[in-house]
């Protein structure tokens, strides 16, 4: 039978029963990327104070070994000396980035899987990892300037200028290339996080549906997202720390002159020890765990309301 006008071409992913339709209408694509961006924006807003703590913890004792301030003590110090508003420094660029970055990071995962299925005839765990890595790396390359502005604002509680003025200042004083400082580690981190997060979530759902009584719904999404958040935190914490150091080189007199991500990692290991790579690790987990759960539970609900298949 000939395709009807406005119909969408579709294919079934082997072993999943899911139908993909990426010769889709503009409204389908809008819902697909919109639900992804909105869910990550909500999760980002809820967990932003933990992101501020993470950045501050990562900048402790740069180039030195010694006892580190814990997350609880740092929180009390910030609230006492800078006020509650400091916990939301950089929120505007964080939300702006999360809509674009989140929409692309989650939104490109399924089309990438679909391409793998069409080309290789399979969507096993390795293709899921590759799809997640591509989606995360590509999204980060586009949105790195917003991340640079966000991190700069988070480290400067006395800064009264907004994100647009800070963006202009960076370009005028440091050049436009400064907006892509740390893009290498940032892309590596995003590729690793998206690959580990989405592939783990996807596989956890598949395994739980097959070997447990769980079906598509809140409990399945909750358990799968908890597993995904734990795995992605362990893998990406060192890369997150390196990314932060590179982005703040100019802003902090304590930060060394790192040539690139590998040089930064070497210097941290040499001067601060292996623990240095996991500075802010607890804050990363405390943020990424809930953020992952909120993101996946919300995106699954939004996709259902929009008439889209579950991830």
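Just so it is clear, glycine is given a Cβ too, placed from its N, Cα and C backbone atoms.
As written in TrEMBL, here are the features:
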REPEAT    31-115  repeat 'Solcar'
REPEAT    123-207  repeat 'Solcar'
REPEAT    216-305  repeat 'Solcar'
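The DSSP breakdown of the repeat 'Solcar' (31-115), given as helix, strand and coil counts, is 68 helix, 0 strand, 17 coil. Mean pLDDT across the repeat 'Solcar' (123-207) comes to 87 in this model.
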